[in-house]
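One structure below.
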């Protein structure tokens, strides 16, 4: 596996990998890799001739009081995991490489980026859209793979790709991969490392409460009362606050006030200990 830090070197390496019409699948990450990331890598390998991964902790998607400095960084360990999975190339740019002096461009995707995490973390998805667009332009992949755990991020990236007429990758080749969970139901996340043993045990209550809410909504219960009960259950499990618990259209992320059978997603963000955990699950046919 090649590990590359300079854009000129990346372009040459990508050209070499694409030689002879070979295809590339891209898995962008912020490092602190876990089984969820490796699942993306394996799906990428199934879809293309070569897999390219990136590790870049993007400062533009962190707010002023968020965990940029504390976010786990373990490049050597992560690189070894990617190499063991057969990744051909690791793109690991510096902040100065991605945002040199004088950098002045920002991508903002209205609508889908303004609710849920977008409302709780202003500017977050501008940072996500900007860095992902840059990474797409740098790597020029045929496919890009993202975890469905951050459903809103996936929706923002697809909207951006569609609106900007991106072809590498085309929006239809931006692939969402189902959330990987522990046996307890807790969604895998790099931020789970912040949890103590007690907090991790309490955090399992999130997915259980979400499943109960989904069963109620699909069974005909009122959406508003089901979400209110979900919030109460999350707090009772040991979470200190709930940023949001929303039912939204799976494609547009518009609020669903009355569930009528169209594909929807239950999206939740809640805080426990020093961690802000997000999760989502499908409601109705997917």
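Note: Cβ is positioned from N, Cα and C throughout, glycine not excepted.
According to Swiss-Prot, the feature ATP binding site maps to 30-37, 147-150, 180, 188-191, an assignment based on sequence analysis. Per Swiss-Prot, the feature active site, proton donor maps to 37; the stated evidence is sequence analysis. Annotation source Swiss-Prot lists (R)-pantoate binding site at 61, 153. As annotated by Swiss-Prot, beta-alanine binding site applies to 61.
Known features from Swiss-Prot, placed on the structure.
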residue : record                    : Cβ contacts under 8 Å, 6 or more apart
30      : ATP binding site          : 55, 56, 57, 58, 71, 190
33      : ATP binding site          : 77, 78, 81, 82, 190
36      : ATP binding site          : 147, 149, 179, 180, 187, 188, 189
37      : active site, proton donor : 27, 29, 147
61      : (R)-pantoate binding site : 124, 125, 127, 128, 131
148     : ATP binding site          : 154, 176, 177, 178, 179, 280
153     : (R)-pantoate binding site : 117, 125, 128, 146
Let's check the environment of residue 190 (ATP binding site): how many other CB atoms sit within 10 Å of its CB?
17
Can you tell me whether DSSP puts residue 33 (ATP binding site) in helix, strand or coil?
coil
